[in-house]
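Quick look at what Swiss-Prot lists:
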TRANSMEM  44-64  transmembrane segment
TRANSMEM  78-98  transmembrane segment
TRANSMEM  117-137  transmembrane segment
TRANSMEM  140-160  transmembrane segment
TRANSMEM  169-189  transmembrane segment
TRANSMEM  204-224  transmembrane segment
TRANSMEM  241-261  transmembrane segment
TRANSMEM  287-307  transmembrane segment
TRANSMEM  312-332  transmembrane segment
TRANSMEM  336-356  transmembrane segment
REGION    370-390  region 'Disordered'
Amino acid sequence: MTADQELQIIVRQGKEPNPTVQDERNSVSSSQAEVSHSNTYKRWLRVTLYTFFVISGQTVATILGRVYYDNGGNSKWLATVVQLVGFPVLLPYYILSFKTHATTDRDGKRTSPRNRVLVYVVLGLLVGADCYLYSIGLLYLPVSTYSLICASQLAFNAFFSYFLNSQKLTPIILNSLFLLTISSTLLAFNNEETDSTKVTKGEYVKGFICTVAASAGYGLVLSLQQLAFLKVLKKQNFSEVMDMIIYVSLVASCVSVVGLFASSEWKTLSSEMDNYKHGKVSYIMNLVWTAVTWQVFSIGGTGLIFELSSLFSNAISVLGLPVVPILAVIIFHDKMNGLKVISMILAIWGFTSYVYQQYLDDKNLKKNHEITTTESPDPPEAEESTWQSK
C-alpha cells in the first residue's frame, strides 16, 4: 500500500465520527436541552408570580385608597407616603437571601458608587412626584375616569421604550396595546357613579391633568429602570432588583415625608383619624395594608422589567385596571353592566396577544441558539491523525 493510499485511509477515518465521542456529544446536547427547558420553565414561573403581584397589589391598593378617601381621609401627601413607605417589609427577605445570591452577584464589573447613587436618586425623585400626582387624581376623579387615564401610561411607556430601550413595536404588540387601552377607555362611558364626594369643576380638571402627568411619568420611570439595568448597573440579578426597589423607595419615601411636613398636612392627621368613619383602628389598618400592597405591586413590576421588559410590566399593570370596578361590585355593591364585561374581555385578549408575542420571541431565540450550536466546528481529529501518520 502506498503512502498516499495510507494517508487517504487515515483522513477518511478521521472524518468518520468516533462512536464514543459522538455519544458524549449527544449526552452533552441532551443535558444542555434539559437545562434550557428547566430554565425556561423557572423563568415563566417567576413571570407568573410577578404578574400576580402586580395585579393583586395594584387592585387591592387602589381599592384601599378609595376607601381611605370615602371614609374621611383627605391628606394627599399621606396617601403618597403609604404608597412608598412599605419597603422595610422587604428587608428581612433581602438580608436572608443575600448570602444565597452573593456568589453569582459578585461576577462582572462593579458600577461606580456615584453612578449608582445618581440612578437611585433620580428614579426616587420621579417616583415620589409621580405617586403624589396619582394621589391627587384618585382624590378628585371617579374610579372609571381614573382607570381610563391610567391606561394611557401604556402608550407613554411604548413611546419612551421605543427611544430609550430600542423596543420593537410589532403588529402583535400594537394590537395588544390597542386592546388594553380600549378596555380601560370603555370605563369612561360608564354612567354609573359611586357615592364619592362631589368635586368642583376646577378640582376635576386638576385631577385629570395630574393623572395624565402621572401616567406619563410612570411610563418614563419604567423605561428608565430598564435602561439603568442594561446601561448603568450592567447586571440583571436578584441583588440589583432588590436594590432598585429598596433604594428608590427610600428616596421617594423621603420626598413624600418632606412634602407631608412642608405642606402642613401633618397637623390635620390627628383630627382626620378621630373623625374617620370606621374608627381609629380601621384608619391605621387601612394605611398599613395600603403600604404593604403597594410594595407587593412594586416587587411585581420591577421583577417583570428584570425578566422581560418595561413595556410588558406596564401591559400587566393596565390589565389589572379593569379589575378594580369588578371588585367594586363585591365591596361597594356596584352594578355589573355590559361595558365592564366587555372591558374585561378586551383586557384579557390584549394580554394574551402580548404573551403570544413573548412566546414567539423566545421560540426564535431558541431556534437561533440551536442553529449556532449545530454550526460549531468539530475538533480537528482528522488533522491530528494525519500528523501522527507523518
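Our numbering is plain: 1 for the first residue shown, then up by one each step along the chain.
Any Cβ shown, glycine's included, is placed from N, Cα and C.
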Would the transmembrane segment (241-261) count as touching the transmembrane segment (169-189), if touching means at least three Cβ pairs under 8 Å and pairs must be 6 or more apart in sequence?
no
Please figure out which one of 44-64, 140-160, 204-224, 287-307, 336-356 racks up the most CB pairs under 8 Å against the transmembrane segment (169-189).
336-356
With a cut-off of 8 Å between Cβ atoms, can you find at least three pairs linking the transmembrane segment (204-224) to the transmembrane segment (117-137)? Only pairs 6 or more residues apart in sequence count.
yes
Check the transmembrane segment (78-98) against each of 44-64, 117-137, 287-307 and return whichever range has the most CB pairs under 8 Å.
287-307
Would you kindly list the residues that approach the transmembrane segment (287-307) from elsewhere in its chain, counting only those six or more residues past its ends and only Cβ-Cβ distances under 8 Å?
43, 46-47, 49-58, 60-61, 64-65, 68, 78, 82-87, 89-90, 222, 225-226, 229, 236, 240-241, 244-245, 249, 313, 316-317
